[in-house]
Amino acid sequence: MPHFLASHITLPPMPFTQEGYTFVYEAKQCNDSSQSLILVRYEDNEFFLRKAWRGNKNNAILKCEKSTKTQPTGIIKNALKILCAYQKNVISHNLNKNTPRQNLQSPYFQSMDFFLDFAKPCLIEIGFGSGRHLLHLAQSNPHFMCIGIEIHTPSIEQILRQVQLLGLENLYIINGDARILLEILSSHIAQGIYVHFPVPWNKKHHRRIFSPKFFQESLRVLDNNGVLHLRSDDEIYFQDALSLALQQESISLEIHKNQQEVITSKYEARWKKQQKNIYDLKIFHTYKNTNNEKNVKNTQKNFYFDKILRKNLDNYKNFPHKKIANDWFLHIDNLYCAGDIYVLALCFGDFNQPQSKFLQIEFCNNVSARYIGSNPIPTQAAIKAHKYLIQILTQE
């Protein structure tokens, strides 16, 4: 993650604009003055930088707030370079010249919001890694939109560069949680969902991508005879996935061991060199619901706020605050303040696929509230958590 260290960090008066970047305000944490957030805007991007004093190391750090980071990484690095130039006592940094892929702003990199009304026939790969298989899918299926979802930033930047070099126009890339994507996609639009060499998490099953809910959403999103394809070198993971598959209705299965695929991924080549077994589980959806409408659960796309009372923030000292329900939770981690602007750090939604967001509330001529960057993804759990948050902020 781009950052710099200094014995003391000095910031110019805000707001100020330089090189197309606007540094809007610095909001200090209410119960810890050593922590603050700096809101930055650049073109259509909006993100926070976090300034923190590290007492145990006797220095200060300025870095991007992870939950608001944007792509490409070069946008964040350039913002940090601007502020780094104001410092007289920089200890170290990793803000050297951007690589081409760190500067690439691709129209094929999309947010989750883009897919709320997406209805084109598609192929989906979850955790594409080096991208070899995903690029092959896109090249071999020019009449399908291919969607790759990944959480590893260097892998995302690498494949976006390849998309540009190869001139592909049928491939979208997302940085996010695949389980959330599946919940918001329309029904029966995918011909294939590919999960190749996922992390097994044999001691932390709750972190696995394969779960009963994952199967439910995958089969809903798959078209008739669409395939969910797991490829793994871990026999325990394979057996557990097979057990889950056998609990589903209206499917057919194919199982292969050490079958050669057209494309060999970087990890697969490593496992084969170590003479490890490779397991394939192909699950075909053989029943199509006659209801072709969009998944009607996800109808709320806007997160509105009623009248927020300032006293509820000024008097609210119960941090962190947690609300845990049967199928959702809300965690108010902290409160930041910059004059008439308050920022709530939030984590909420489903226990196994939480969303982290910052809520900005401004008390000027009119009260306004919005989530920084973009709204949460409207999963059922996120909607319930949002409604509870409204109760906290508006109660008399």
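Glycine is no exception: its Cβ is also placed from the backbone N, Cα and C atoms.
According to Swiss-Prot, the S-adenosyl-L-methionine binding site annotation covers Glu125, Glu150, Asp177. Around Asp177 (S-adenosyl-L-methionine binding site), the C-beta neighbours below 8 angstroms that are at least 6 residues distant in the chain are Ile149, Ile151, Gln353.
Sequence annotations record features per position, and here Swiss-Prot assigns substrate binding site to Lys203, Asp233 based on sequence analysis. Non-local neighbourhood of Asp233 (substrate binding site): Phe197, Tyr267, Glu268, Trp271, Lys276, Asn277, Ile278, Tyr279, each in the same chain, at least six residues away, with C-beta under 8 Å from its C-beta. In the three-state DSSP scheme, Asp233 (substrate binding site) falls into the coil class.
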What other residues of the same chain, not counting Glu125, Glu150, Asp177, have a CB atom within 8 A of the CB centroid of the S-adenosyl-L-methionine site?
Ile126, Gly127, Phe128, Gly148, Ile149, Ile151, Ile174, Gly176, Ala178, Leu181
Pop the Cα-Cα gap between Glu150 (S-adenosyl-L-methionine binding site) and Lys203 (substrate binding site) into the table, whole Å please.
22
Sequence gap of 6 or more, C-beta under 8 Å: which same-chain residues meet both conditions with respect to Glu125 (S-adenosyl-L-methionine binding site)?
His133, Leu134, Leu137, Cys146, Ile147, Gly148, Ile149, Ile193, Tyr194, Val195, His196
If the S-adenosyl-L-methionine binders are Glu125, Glu150, Asp177 per the record, what's the largest distance between their Cα atoms, in Å?
12
Cβ distance under 8 Å to Glu150 (S-adenosyl-L-methionine binding site), same chain, sequence separation 6 or more: which residues?
Gly127, Phe128, Gly129, Ile156, Ile159, Ile173, Ile174, Asn175
